[in-house]
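Engineer: I'd like to ask some things about the structure below.
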Protein chains: 4
Amino acid sequence: MAPVKKGILERLNAGEVVIGDGGFVFALEKRGYVKAGPWTPEAAAEHPEAVRQLHREFLRAGSNVMQTFTFYASDDKLENRGNKLTFTGAQINEAACDLAREVANEGNALVAGGVSQTPSYLSCKSDTEVKAIFKKQLDVFVKKDVDFLIAEYFEHVEEAVWAVEVLKETGKPVAASLCIGPEGDMHGVSPGECAVRLVKAGAQIVGVNCHFDPLTCVKAVKMMKEAVEKAGLKAHYMVQPLAYHTPDCNCQGFIDLPEFPFGLEPRILTRWDMHKYAREAYNAGIRYIGGCCGFEPYHIRAVAEELAAERGTMPPGSEKHGMWGAGLEMHTKPWVRARARRDYWENLKPASGRPHCASLSVPDGWGVTKGHADLVQQKEATTKDQLKQLFDRSKTQ
Amino acid sequence: MAPVKKGILERLNAGEVVIGDGGFVFALEKRGYVKAGPWTPEAAAEHPEAVRQLHREFLRAGSNVMQTFTFYASDDKLENRGNKLTFTGAQINEAACDLAREVANEGNALVAGGVSQTPSYLSCKSDTEVKAIFKKQLDVFVKKDVDFLIAEYFEHVEEAVWAVEVLKETGKPVAASLCIGPEGDMHGVSPGECAVRLVKAGAQIVGVNCHFDPLTCVKAVKMMKEAVEKAGLKAHYMVQPLAYHTPDCNCQGFIDLPEFPFGLEPRILTRWDMHKYAREAYNAGIRYIGGCCGFEPYHIRAVAEELAAERGTMPPGSEKHGMWGAGLEMHTKPWVRARARRDYWENLKPASGRPHCASLSVPDGWGVTKGHADLVQQKEATTKDQLKQLFDRSKTQ
Amino acid sequence: MAPVKKGILERLNAGEVVIGDGGFVFALEKRGYVKAGPWTPEAAAEHPEAVRQLHREFLRAGSNVMQTFTFYASDDKLENRGNKLTFTGAQINEAACDLAREVANEGNALVAGGVSQTPSYLSCKSDTEVKAIFKKQLDVFVKKDVDFLIAEYFEHVEEAVWAVEVLKETGKPVAASLCIGPEGDMHGVSPGECAVRLVKAGAQIVGVNCHFDPLTCVKAVKMMKEAVEKAGLKAHYMVQPLAYHTPDCNCQGFIDLPEFPFGLEPRILTRWDMHKYAREAYNAGIRYIGGCCGFEPYHIRAVAEELAAERGTMPPGSEKHGMWGAGLEMHTKPWVRARARRDYWENLKPASGRPHCASLSVPDGWGVTKGHADLVQQKEATTKDQLKQLFDRSKTQ
Amino acid sequence: MAPVKKGILERLNAGEVVIGDGGFVFALEKRGYVKAGPWTPEAAAEHPEAVRQLHREFLRAGSNVMQTFTFYASDDKLENRGNKLTFTGAQINEAACDLAREVANEGNALVAGGVSQTPSYLSCKSDTEVKAIFKKQLDVFVKKDVDFLIAEYFEHVEEAVWAVEVLKETGKPVAASLCIGPEGDMHGVSPGECAVRLVKAGAQIVGVNCHFDPLTCVKAVKMMKEAVEKAGLKAHYMVQPLAYHTPDCNCQGFIDLPEFPFGLEPRILTRWDMHKYAREAYNAGIRYIGGCCGFEPYHIRAVAEELAAERGTMPPGSEKHGMWGAGLEMHTKPWVRARARRDYWENLKPASGRPHCASLSVPDGWGVTKGHADLVQQKEATTKDQLKQLFDRSKTQ
């Protein structure tokens, strides 16, 4: 029988580095199991072998947390805008818990159950209604006895606080992560103020995920840490950014980039960018360090390799990876063997191979968020007329 | 019992489009199962579930060919430069055949056994010695009864001709694919002349793979086709390019780019680039259309979607993909729904998010190839002294 | 006899737009009359026909101010670091006044005498010593009866205040312009605080010039205006930016860019960029709008054309310029005639033709300024040993 | 009395390097004396002081040839598309000759009279008609006794041959320069074939000017030289390229770039690019080396400085220029003094400061040239209706 694992708070309290996993929806979209647009996680029930394999790859890359693949698995989201699924929310959430647990048991990883923002909130439903939605997902997490809970990918701190309040009732450790950058949430609440509210609501771990590139996210979490400490509160910090460079984003993050979601390739971070990220995050005092959309297993492995000394271990997947390009010593071509050194890769400024493309984009800026009629969601598919209106409008923005 | 499938030549003779698969070594490197540098395929024996999963993803994406994951699985390559493996070449080749067959049986796909260029040739071994190496791999392919054979990733047409000569002895259909561009092979033999030699040696299908981006590869295959036809010969044509933009490469292709192999991210093609590629290849009269390094399942799916009318079918994986971004009709944000249209994605010029990086690189140009002492291979690991010499030399190039 | 012209304050008090001139040292460097490095204005005495011609071009472009070509014409600067000249400071200053007056008389322009920062200040000389240097230049300006005075191109507000104090003694209107951006002066004093100090010292016009691109400079002047108004003071505002894009600069501006001064070409603004600049500056309430390094006559003409309605006049040079590309209606090629329209040029994103160059640079950041030993100036030429030390040091920054 | 100068052929026969001048129409457009669109040289009569000054600057920069500012000064061009001038063609041509002679006499320069392509040819007029137009300009050149003649800026070799035939009748040395690149003239005649025809028609000097960047032009002249030598003929070679980078141009050159003519700034060559150009041209055996559109005096000075050893002299303007940045030794800032060295500037890859712009453009490609109805010229101004048709058409290209 396996020894009892240390819990998430025990690890963080002991000063350990906890490595998160990467981005399931984007990785599985490229593998053919998630549909871009609705981004719902029915693959947990529909194609479990694909989800299990991805969990295993992240475990192998060094992840200490298997997040249940339950992103957007609330009933109101699963049925939004004509997204017809053959599985119920409960089936998907249960299957996701089983897969995460199965792989977590194969290594030193914990299972985290996750909830995220809801169409109901965007449609201005009450806190009672929104909380009821979280509660339904939560019942599965409790039944399946996940190790801790994460409220993640919230654009509005108000909804995140509601989520934390519901999650706290389980007695399990609660992390809260917003998809915001240094400019704050969609109603202009600063990262620092957001963090204070989340900690006061009971979150033991706070941070940001998605929407911005690693260095931008680390900056936002630093602002959180400063405010929490200034308020005399205590918390642990987490960061799970994009694996895309986003220097040109405004407050809404990569959603607004013209390249979202099907033209982001040139922005993908290299493994060497990840070394810098891991070091910056560590130096900022963040100890839960993972990834979100765009993070592939090799990105997480790079984080784990950068922090190998601090963690006292190399990830299993490094058996197939020479540190800082050392594997190239085995290449047949001498000029490629000459690249088997740290300073080469650390200083490389990779070209895009796209001379007709610029380096920065002008993001969309429709300036609407919760409270605006345009964001009321609907169960029915978007009609042709609705689409035509959107196309026309996009040309005048 | 399943109906007998049509063979590769039957399909091509009937004018059908055959969709190849994508790049195993690069995809599995990112997933943690292949080591960059040696690039050997021991995962077939070591981590079969990972290889099986990738086969399935390509099948789901529309591939009609499962290439055995036997790239660089010749004994001399497996042991080159200190690459110590716990599996024999035969074990790897057999495991790879079994995996390819297992997944091919799940759909309308054939199994192709592949051999590629050898360190022995680079080290100036004789045709007898080099052919003996191919023969060993071939024995497995015959025993496992693959559907056809591919000699692929050859930089020198001379070695490719030797390979074709060995492969022909099996009586199975033979394809031959060089990793060259419009400038020809490493000794300056033009694509047209290369193709003529390969067809005369017995290859029924000729083309190029790897080393260059799709449009460059299509251009090279067009040169092959013109020369073959001008010589009064007959052949089918195949193309399996990189999924990286390489406008700045010289004759050796992406190996020479400073970004190879760990900084290629900004060059990755989008799915929309793949639509253009598939159309160009089809219009050029190429009917075996696949991918090589960098091709992920969604890239192959894009090829299959572009040619859906010609093939009379959509790939299974398209159940999770709206054509030309149609899935975005289900997105919560109105300005993202406004991107659910073909002209948006067809005209997008994606930004890199990297304002400190240029769009083109200056490739290495050491100007050495087979026949040059620098390219003699060794079984032992590269020593520190050898590395130091290489580093010093790279600074003066 | 010519009618008496309105003075600078009369014009600004009446709400008129005053258009400044462009950058003499950079323009004359390219024409062969100024040496990059010392940047001293001996051409006023040495090659008066070249200076006169440039004055005329700016007058023709719409300039209402002829600044005497006396930039860096203080005795301590003229003799700094081995710069041996055959003209005295007085000779240069007098010749410059005569040239400016001669051309100003040919149109509706005023003559402004200018002083700028001194090596003596950088070498930590006292206010008495520094003020004596300004006084010497001023004696010439008084003798030649210039219309008003400008203390411009100051990096440290302290020295600028000293200059204003000296200039005020003449009784002539005084403008003060710092070469700073939104981050403030070299000792970290904010633009707003700088402006308040200068107004309190007696400057009637305040603003910024040089070191940053137009939109950055406008932003800094807006900060000045806000602070001056908040302090209950009154002033007019001026802006004379670079004609180079500098989004990547830190507080020291374009001096720190690796491209300064001989590789700035790709950053040169187009005439259409100038239209945007002129409009932004006008909307910000700035009424003295000109240019500095990089501004050629056609840049000033573009400013004058954008503000033609507000000024009630087109510049003389527009006889050779169709607004918004209208001159192209006379081009021989039909596809070029098709570019004869405003929206074409307003939306153009011009390519660099340099695919191996990035779009942004990493500026030098030695972090030294007045008060640091490295900035003490010397009369003798820089020695080889001193240069070697600098080269070595630049590699480790 | 001045000693008699050596003629152009004497110099070239002696193996001397002859440095041409730069681009008058573009430089004077920026100074306010030439109208972009018609590009006619009435400034020679209208603003002689501006033209004289530019001649002087090029002389000072090292030019050995003062080309009369008679570009497009044929009567049919002067009156094309509503271009109303107050000077006759004869007046302009005479004034231009006088200015060129006046400045040539101030140094070691010759006067070259130039004719260029005509609207009449584009409108399919006969050789008799076109030759009559050249003859009119030529009468002035003979009367003013220029030192030699240049037929330059011809897109069609046929018209250039006609020009050479007329010019030869004067008995003066004749140079012929086409505005073509390696792809040849607008009817697809290769550079080599063009050169052979021109030499056979009597040109003693052949080459290319305008339309492409320096290295592209040098490449085209090399092709000319090879073909002339292969044909057993003898000639001297000249090159006068753009000072704009044009790697993205098709056969028509920079006219087709979307940036032509008002957005070319980011493409301007640095002085260091000019050093490379001068060396390449010299190494290719070209001895008449100058510039065309975009060349400012400092560009010509850089050519003269690169070839100072070969010419045995530095240009007068170098009194204001330290070789390879040496003037920076006199800069006040130590980090700028650290740039006073050749390797710094030789290796610099200058950034554009324009992260929203790409590095390459897609040129227009209307595919029409002489013989196509669209290119028939007219005396009347382009009408609004004609413009509207062009705008509509440009959107569908």
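Keep in mind that glycine also has a Cβ here, set from the backbone N, Cα and C atoms.
Sharing the features that TrEMBL gives for it:
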BINDING   A:CYS210, A:CYS292, A:CYS293  Zn(2+) binding site
DOMAIN    A:6-307  domain 'Hcy-binding'
Engineer: Using a Cβ cut-off under 8 Å and a sequence separation of 6 or more, which residues in the same chain sit near A:CYS293 (Zn(2+) binding site)?
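Structural biologist: Non-local contacts for A:CYS293 (Zn(2+) binding site): A:GLY23, A:VAL25, A:PHE26, A:CYS210, A:LEU242, A:ALA243, A:TYR244, A:PHE254.
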Engineer: Determine, for the Zn(2+) site, the additional residues of the same chain whose CB lies within 8 Å of the mean position of the CB atoms of A:CYS210, A:CYS292, A:CYS293; present them in sequence order.
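Structural biologist: Other same-chain residues with Cβ inside the cutoff are A:GLY23, A:PHE26, A:TYR153, A:CYS179, A:ASN209, A:HIS211, A:GLN240, A:PRO241, A:LEU242, A:GLY291, A:GLY294, A:PHE295.
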Engineer: Of these binding-site residues, A:CYS210, A:CYS292, A:CYS293, which are close to chain B by the rule of a Cβ under 8 Å away?
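Structural biologist: Listed binding-site residues meeting the cut-off: none at all.
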Engineer: Return the single residue from the binding-site residues list (A:CYS210, A:CYS292) that has the minimum number of other CB atoms within 10 Å.
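Structural biologist: Minimum Cβ neighbour count within 10 Å, taken over the binding-site residues A:CYS210, A:CYS292, occurs at A:CYS210.
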Engineer: What does DSSP call A:CYS293 (Zn(2+) binding site) in the simple three-state scheme?
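Structural biologist: The three-state answer is coil.
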